[in-house]
Each structure stands twice: as structure tokens, then as C-alpha cells.
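Structure record follows, encoded as C-alpha cells.
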Amino acid sequence: MQREEGFNTKMADGPDEYETETGCVPLLHPEEIKPQSHYNHGYGEPLGRKTHIDDYSTWDIVKATQYGIYERCRELVEAGYDVRQPDKENVTLLHWAAINNRIDLVKYYISKGAIVDQLGGDLNSTPLHWATRQGHLSMVVQLMKYGADPSLIDGEGCSCIHLAAQFGHTSIVAYLIAKGQDVDMMDQNGMTPLMWAAYRTHSVDPTRLLLTFNVSVNLGDKYHKNTALHWAVLAGNTTVISLLLEAGGNVDAQNVKGESALDLAKQRKNVWMINHLQEARQAKGYDNPSFLRKLKADKEFRQKVMLGTPFLVIWLVGFIADLDIDSWLIKGLMYGGVWATVQFLSKSFFDHSMHSALPLGIYLATKFWMYVTWFFWFWNDLNFLFIHLPFLANSVALFYNFGKSWKSDPGIIKATEEQKKKTIVELAETGSLDLSIFCSTCLIRKPVRSKHCGVCNRCIAKFDHHCPWVGNCVGAGNHRYFMGYLFFLLFMICWMIYGCVSYWGLHCETTYTKDGFWTYITQIATCSPWMFWMFLNSVFHFLWVAVLLMCQLYQITCLGITTNERMNARRYKHFKVTTTSIESPFNHGCVRNIIDFFEFRCCGLFRPVIVDWTRQYTIEYDQISGSGYQLV
């Protein structure tokens with residue numbers, strides 16, 4: 001096992017033993033630091049208690065503490081051993097108990113007078129430092145209950161939060177912040193926890209967690225003025241670079257040598273980092289002319305461009321095709337101009353962080369031109385009572401359900417800053433601060449069936465999926481409206497297809513029965529290119545809407561699961577998954593599933609089970625027995 005300046009883990013025959021570790025050392029020459037693909041902590045998991053029969057009577061108290069032999073330790077202490085006495089390596093019993101996570105011995109030694117913040121070892125560290133380096137959250141909690149001070153620094157100038165950040169112990173970072181540690185605290189080397197995480201931990205956490213606590217992203221260290229983005233580039237930490245840029249990391253921030261993060265990336269000839277940082281500059285308009293820079297800096301304007309572009313493109317495609325021009329060369333040049341315009345808008349104004357803006361714009365534009373076509377092309381040709389009136393009624397229902405799907409709260413799990421910290425402390429002190437049930441971005445305990453949406457960056461109760469066509473997540477708060485949206489949208493598209501076919505029958509000369517299908521397609525496309533273009537759009541949307549509606553109905557009715565649960569069932573312990581089926585604890589039969597989902601009451605005939613999924617943390621909730629409905 002490699003040695004580092006302070007700690008070592010002797011794993012062949014025993015538990016952790018203290019030597020040296022390079023954890024937190026002054027980094028005075030960053031140009032000498034080579035990118036790392038990972039960081040070896042120099043630790044293994046400590047061995048558990050010995051389970052085989054052994055003669056502990058000859059063991060000294062240090063070895064007995066390392067292995068957690070409580071009776072032997074108590075025997076020696078009762079015989080007069082001073083629990084404050086350090087061994088030949090200047091390490092106390094409390095240090096050994098802390099690094100090996102012997103909570104019962106920590107309680108015992110403190111009850112016998114052990115000093116909770118006693119310094120020891122080559123690094124002059126406290127037991128809390130040792131427990132933090134090893135990632136023993138339960139030990140950190142226990143020591144702090146006895147008054148251990150996490151703000152004390154060790155011989156290398158690091159407090160506990162810096163150690164937890166650089167070793168990737170996200171739960172400990174969260175607990176320390178919740179207990180009052182400053183998220184921007186600098187160690188004696190001028191490094192913040194975010195800088196250490198960016199340099200040492202090649203995963204999304206704890207960087208993501210620190211960013212959620214509103215850490216100062218663009219703060220520079222004391223000696224080199226390197227920001228966290230500089231340190232991430234020095235380490236080749238591509239995962240963290242993306243997170244820092246999304247959080248507003250300044251690509252042009254310079255250190256004492258006048259170097260930006262992009263300059264460091266170029267020095268290391270890392271193509272991915274260079275491209276990513278250059279894209280970030282372009283997204284902020286730094287490399288654009290001044291008149292474009294102001295527009296590009298306006299996020300609301302960029303969103304309007306993304307929403308408005310599909311309106312223009314859909315119209316131009318149909319308009320150019322419908323022009324009375326025989327030369328396809330001219331039309332081809334016009335289409336080339338449309339393509340060039342879209343490329344310019346995309347490169348100059350599209351914001352790829354607005355994932356839903358473009359699909360939402362495509363949906364709104366398609367429906368807008370379909371309604372224009374309906375009222376200006378079909379209105380005089382179709383029967384009002386049997387066609388137009390049902391179409392208008394369907395449209396009202398469609399607009400209502402779309403609006404609710406788009407703008408309703410899908411089930412965002414909310415908490416105040418104090419509630420978040422209280423949750424972290426409660427989970428940590430009950431041994432439940434596990435990232436499988438705790439969201440390191442939203443800083444909340446995740447209810448059952450919830451999931452963090454990577455697009456919206458929020459935890460959603462009873463999460464189904466993120467739908468780009470409505471620009472929102474689909475969850476407990478709007479899933480029923482989303483089903484209504486799909487249902488009425490499908491009928492609207494069917495009416496549109498009917499209108500197109502009726503128009504061709506009335507206004508176009510066709511010879512389908514004589515010349516066949518392909519000749520018919522040519523005739524209707526030539527007769528009215530705009531109508532044919534609307535027909536193609538209708539068919540495209542019909543296909544995905546029909547498939548999605550059927551899948552949703554099947555999952556809701558027959559399986560009792562969400563799309564997320566169906567795709568990730570193996571990740572959840574409460575699902576029984578075989579090669580052919582998924583058994584859901586939320587499936588209560590087709591009838592009951594429908595009644596509960598749509599909350600059917602039928603004038604009191606049915607009594608659906610209403611569950612607040614934003615606060616439901618177990619699979620057990622008050623259910624109505626029987627077939628899923630109850631006569632009242």
C-alpha cells in the first residue's frame with residue numbers, strides 16, 4: 001500500500017496504521033503538476049472485528065483498539081492505562097479508534113477522559129481529521145457530538161472540509177456544511193473545498209454538492225489566483241470542468257501569470273478541454289462582434305430565437321415549395337439560403353443549455369401552421385356541425401391540457417436552506433445519508449418514485465420523464481394533464497389528416513385507381529405543395545404521439561409504473577425484475593390503477609387513493625382494500 005504524508009493502511013494482517021500521506025500539501029508550482037486520471041487515497045477499508053477464536057490476552061491496547069476488541073481495551077484501561085497517552089508514533093487511542101471506525105471504543109475512551117481534539121501523528125491531526133480522511137461519516141458524527149472541532153487545521157494546513165473534498169467524501173462534506181462550516185473556507189495554502197474537489201476528485205460529487213451550496217465559483221486561491229476551473233484543467237478533470245462551466249465558471253479569469261483556464265488547456269494540448277472551453281467562450285459571445293455580443297448575452301432573447309426559428313423554417317419550407325417557379329435550381333438556392341440562415345442562428349444564438357426550447361418551438365410552430373391551414377384552406381370545404389365544431393371543442397381541451405402540462409408544477413420537491421441542512425444532519429446522525437436516497441444537487445431526501453431531472457436540474461416527485469415537446473418534466477403534478485394533452489393532440493392530428501385528404505379530393509385531379517399510389521403522391525404534392533408539407537408534418541407527429549400514448553396507457557394501467565421506473569427498474573430495490581416482467585409494488589390491478597391515476601370519483605361511486613408523492617418516502621401507504629374502488 002502506498003505511503004502518504006500522514007496515513008497508511010496496513011491491510012495484509014491488520015487495520016489502518018499511521019505513517020505518512022500526501023493529502024493536503026502546498027501546491028506552489030502548479031506548472032509542475034501533471035494531469036491525473038484518478039487519485040489514490042492510499043487507504044483501504046479497515047478490517048472488521050476478528051471473528052475467529054484468538055488469544056487477545058497478550059495484545060497491547062493499540063492493536064486491540066485497531067481491531068475493535070472492546071473487552072481487552074476495557075481490561076487494560078481499568079488496569080490503569082491512561083487513554084490520553086500517545087504511543088511511540090505520537091498517536092492516541094482515540095486516533096486509532098477513529099481511523100478504524102470503532103464507535104463503541106470512542107465512546108468508552110471519551111468517557112474515560114480522552115481529549116476529543118487531541119493532536120497527534122506526523123501531521124499533528126485530530127481524530128476527526130483521521131476519520132474524515134477515511135470517509136467514516138458515522139465516526140465524524142460521533143466525534144462532533146462529543147465536541148470535536150472540524151475547523152481545526154492539521155500540520156498541512158487543512159481543516160476537515162478540505163480533506164473531505166479532496167478525498168471525495170461527499171456525505172461528510174454535506175454534513176460539515178450543514179453543521180456550519182464555511183463552504184468557501186480557505187486552508188493555509190489558500191485553497192477552498194471546491195478547488196480541492198476540482199483538482200482531486202474526478203467525479204460529479206462533491207463538486208456538484210458544493211455548487212448547490214452557492215460556493216464562489218470564480219474565487220482564486222491565495223498564492224496563484226487559480227480558480228477552481230484552473231485546478232480542474234490542471235488535473236484534466238473533464239467531469240468537473242463541465243459542471244463548473246454550467247455553474248458560471250469564468251473562462252477568461254486569469255491567475256498571477258496571466259493565464260486563463262483555456263491557456264492551461266492549450267499548454268497541455270488536451271483537445272477536449274480546448275474545444276469545451278472555446279465553446280463556453282462562444283456561448284457568452286466573447287469571440288463575436290460587439291453588436292452580436294449584447295444580443296448573445298441576453299438569455300431571454302436567445303430563448304425567443306430558439307422558439308421562433310421553427311415558425312420561420314416550417315413556413316419557408318412550404319412557401320418555397322408552393323411558389324409558382326418551374327426552376328428547381330432557384331428553389332434549391334432558396335432552400336440553401338434557409339439552411340445557411342438556420343446555421344447562423346444556431347451558431348450565434350442557440351443556447352444548448354435550454355434543452356427544451358427548440359423542441360417546444362417545433363411543436364408550437366407545427367400546430368400554429370396547422371391551425372392556419374385549417375382556417376384558411378379547410379374552413380369553407382368542411383361541414384361546420386360535424387367537423388369544425390368537434391375540432392374546435394377538441395382544440396380547447398388540447399390547449400388547456402398542453403398549458404397545464406407546460407406551466408404546471410410537475411411535482412418539484414422544495415425545501416428551504418434550513419430544511420435542507422436539517423435533513424442532512426438528521427440523515428447523517430441516523431446513518432442514512434446515502435446518495436441513493438439523498439440528492440446532492442437539491443440537498444433533499446428523495447421521496448420514493450422521485451428522480452432528479454438532469455434537464456430541469458430539479459427533483460421531481462413520481463418522475464416519469466422530461467418531455468421536450470411540452471418543455472417540462474412529467475411527474476406527479478402534471479402527469480394526468482400530459483395524458484390529456486396526448487389524447488387530444490392525437491385527435492387534432494387525425495382531423496388535420498382528414499382535412500388534407502378532403503382538400504385533395506375537392507381541389508386536385510388525381511388518378512389513384514388508374515395509376516396507383518406513387519402517381520397519386522406525385523399528383524397531390526404537385527397540386528398543393530403546402531398542403532402536402534402539412535400532411536407530412538401531421539403524419540410525423542401522429543406516429544410519435546400514438547406510440548407514446550399507447551406506452552403511457554400500458555404502463556399506467558397494466559404495470560402501475562412510470563417510464564423512469566420501467567427503464568431503471570433494476571436500480572430500485574422495491575421492484576422485482578425478471579427477464580420477462582417487472583413486478584411493481586405500486587401495481588394494484590388495471591381498474592384500481594386507472595381510478596387512482598386519474599382520480600375518478602364518479603359522483604362518489606369510486607374512492608381513489610390520493611398519495612402526496614412529494615412526501616412519500618416508503619412503498620407502504622394507506623391503501624383501500626379490495627378491487628381498487630369502493631361504493632360509498
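Backbone N, Cα and C atoms are what each Cβ position is placed from, and that goes for glycine too.
Topological domains recorded in Swiss-Prot put S348 on the other membrane side from C508. Contacts of C467 (active site, S-palmitoyl cysteine intermediate) defined by a Cβ separation under 8 A and a same-chain sequence distance of 6+ are given as S405, C473, V474, F482, in order along the sequence.
DSSP assignment over the repeat 'ANK 3' (123-152) gives 17 helix, 1 strand, 12 coil.
Non-local neighbours of the topological domain 'Lumenal' (502-529) in the same chain are 318, 321-322, 377-378, 381-382, 535; each lies 6+ residues outside the stretch with a CB under 8 Å from one of its CB atoms.
When the repeat 'ANK 5' (189-219) is classified with DSSP, helix, strand and coil residues number 14 helix, 0 strand, 17 coil. According to DSSP, C467 (active site, S-palmitoyl cysteine intermediate) sits within a strand segment.
Averaged across the region 'Necessary and sufficient for interaction with DNAJC5 and SNAP25' (11-305), pLDDT in this predicted model comes to 85.
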